[in-house]
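Here's the structure we're looking at; comments come further down.
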Amino acid sequence: MPSTKVAALSAVLALASTVAGHGFVQNIVIDGKSYSGYLVNQFPYESNPPAVIGWATTATDLGFVAPSEYTNADIICHKNATPGALSAPVAAGGTVELQWTTWPDSHHGPVISYLANCNGNCSTVDKTKLNFVKIDQGGLIDDTTPPGTWASDKLIAANNSWTVTIPSTIAPGNYVLRHEIIALHSAGNADGAQNYPQCINLEITGSGTAAPSGTAGEKLYTSTDPGILVNIYQSFGAANGAVATGSATAVATTAAASATATPTTLVTSVAPASSTSATAVVTTVAPAVTDVVTVTDVVTVTTVITTTVL
């Protein structure tokens with residue numbers, strides 16, 4: 001085989017290997033029932049793909065959204081995303097297990113989840129009208145040996161799955177759950193972070209009243225956020241705001257050095273304290289509130305603590 005063909009074949013195989021390493025949410029489990037995600041490696045090639053709760057995308061290369069695209073609608077639910085035709089019921093306070101395809105262990109980074117109220121039918125919602133509030137975040141777990149142990153590593157260890165608890169205080173309605181991994185292995189370079197957003201439709205039931213206004217998807221991040229432009233082999237800053245009070249992941253502040261970020265996340269009214277505790281990535285401290293307030297982040301993460309969930 002001529003050397004030029006060998007070189008071309010090597011390049012193709014290298015690209016295929018890289019692409020194959022990236023993932024997407026293929027299945028969702030709620031109250032013991034399984035729901036298919038949007039199978040981007042299968043459905044786009046079918047003449048009549050099934051209706052699912054996952055949002056369709058054109059990211060057939062299993063690629064990512066780069067920081068240079070953060071003001072583009074693709075950051076909301078991935079490339080050219082369109083709403084899922086179905087919604088899955090879940091009670092406020094219930095859990096949603098998101099099962100990814102195999103995630104590469106080299107792609108270290110946080111795992112973050114948001115909710116946005118569709119204020120109507122999620123199957124026809126305009127994604128640019130959605131406003132997201134963060135309900136769950138995992139980041140740096142152990143920085144003893146750089147690049148450290150990350151939420152992505154925890155996801156891999158859990159058979160490539162991540163479980164999100166729906167806030168017990170959230171008002172009932174139709175919501176989009178935006179769930180993503182941000183790979184930071186190349187984030188020391190400008191435009192090097194890699195966002196892999198995934199969206200599913202939920203019908204949340206319950207008697208909660210919390211209705212935080214949230215943040216538009218195109219305003220969740222900037223390309224120079226401390227948690228986006230960062231060398232994980234040296235330091236880390238949390239990507240975007242705090243987790244809403246009442247969520248499964250609570251947050252607190254402890255940092256040897258810190259920087260502030262633009263407030264983007266809202267905190268809902270607090271629920272009565274429970275005895276449940278969860279491991280929290282150190283990102284911010286939210287004051288006790290009785291209404292919706294804005295929180296300014298402390299973004300440098302240096303430790304992991306255990307705190308009581310409200």
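Cβ from N, Cα, C; glycine included.
Swiss-Prot annotations:
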SIGNAL    1-21  signal peptide
BINDING   H22, H107, Y196  Cu(2+) binding site
DISULFID  C77-C199  disulfide bond
DISULFID  C118-C122  disulfide bond
CARBOHYD  N121  N-linked glycosylation site
CARBOHYD  N159  N-linked glycosylation site
BINDING   H185  O2 binding site
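Here the Cα atom of H107 (Cu(2+) binding site) is found 6 Å from that of H185 (O2 binding site). The distance from the Cα of Y196 (Cu(2+) binding site) to the Cα of C77 (disulfide bond) comes to 8 Å.
In this structure, the disulfide-bonded residues C118, C199 were compared by how many other Cβ atoms lie within 10 Å of their Cβ, and the smallest count belongs to C118. C118 (disulfide bond) is 12 Å away from C199 (disulfide bond) when you measure Cα to Cα.
Under the DSSP three-state reduction, C77 (disulfide bond) is assigned to helix. The two recorded residues, N121 (N-linked glycosylation site) and C77 (disulfide bond), have Cα atoms 17 Å apart. Look at C199 (disulfide bond): DSSP puts it in a strand.
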